[in-house]
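Database features, via Swiss-Prot:
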BINDING   His88, His90, Asp101  Zn(2+) binding site
DOMAIN    11-134  domain 'MPN'
MOTIF     88-101  motif 'JAMM motif'
Amino acid sequence: MLLRKGTVYVLVIRADLVNAMVAHARRDHPDEACGVLAGPEGSDRPERHIPMTNAERSPTFYRLDSGEQLKVWRAMEDADEVPVVIYHSHTATEAYPSRTDVKLATEPDAHYVLVSTRDPHRHELRSYRIVDGAVTEEPVNVVEQY
């Protein structure tokens, strides 16, 4: 999907999935956490939380473990799912994609969610579309159920 000028995208996501991403980010802090929310192909609805391993084990960089990523992507394909959300945390900065994050963004249909855990008492969660190096922030609508 190509983003058209003037198109507004919104991430609609269940609260339990937000809580799962934040818990994963807190658990892995001070290292960056990363993972995927899978959903039925064509639905744009995240349904299943898949926490993944940060192969870098770093507070300033993340990289999905390539072997684990291959297994997860194959399992999603077998289940007719796609990566609706690809997320990771920033441990000392705001929830905004770095230049490296933008370079690593290879799924044009995914919502890229960043969770900042720099404040131990609250989190910051923001969502973006990243296509061909262009970063567009989108609203996040947290719901109890779809």
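Backbone N, Cα and C atoms are what each Cβ position is placed from, and that goes for glycine too.
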Residues flanking the Zn(2+) site, with Cβ no more than 8 Å from the Cβ centroid of His88, His90, Asp101 and excluding those residues themselves: Glu32, Cys34, Tyr62, Ser89, Ala95, Pro97, Ser98, Leu114
Lowest local Cβ density among His88, His90, which the record lists as binding-site residues, within 10 Å: His90
Other C-beta atoms that fall within 10 angstroms of the C-beta of Asp101 (Zn(2+) binding site): 19
For the domain 'MPN' (11-134), mean pLDDT (0 to 100): 97
